[in-house]
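Listed in Swiss-Prot:
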type     : residues : note
CARBOHYD : 24       : O-linked glycosylation site
CARBOHYD : 26       : O-linked glycosylation site
CARBOHYD : 28       : O-linked glycosylation site
CARBOHYD : 32       : O-linked glycosylation site
CARBOHYD : 36       : O-linked glycosylation site
MOD_RES  : 22       : pyrrolidone carboxylic acid
REGION   : 22-107   : region 'Disordered'
SIGNAL   : 1-21     : signal peptide
């Protein structure tokens, strides 16, 4: 009788591990582009601490012009709109990966049916 209970416990462990392995979860996120190799970092040169002489102002500052120069665009004119750009870079897939996602699969129903069948089978072994 002890060997039968060991077999039943092993079978229950197998059912539990398979149910955990088949449970839907978030898909792993990976970038479709390879990661670029980073160049080795070099130490930045230390700046010298010699004081820089301050230039003496030789000319008086001039006032800013009040009106824009002739031929320049007026501030009220709007720039043309930017051309439309795609949201995905060139060469990237338009849609997501072709694997199943948690939204569009029915693993939950299959998992529940398989678990119920497993429990019924184990219960029939015990009786």
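Cβ atoms here come from the backbone N, Cα and C positions, even for glycine.
Cβ atoms under 8 Å from those of the signal peptide (1-21) belong to residues 111, 114-115, 118-119, 122, 125-126 of the same chain, restricted to positions at least 6 beyond its ends. Less than 8 angstroms from the CB of residue 22 (pyrrolidone carboxylic acid) sit 107, 110, 111, 114, each of them six or more residues away in the same chain.
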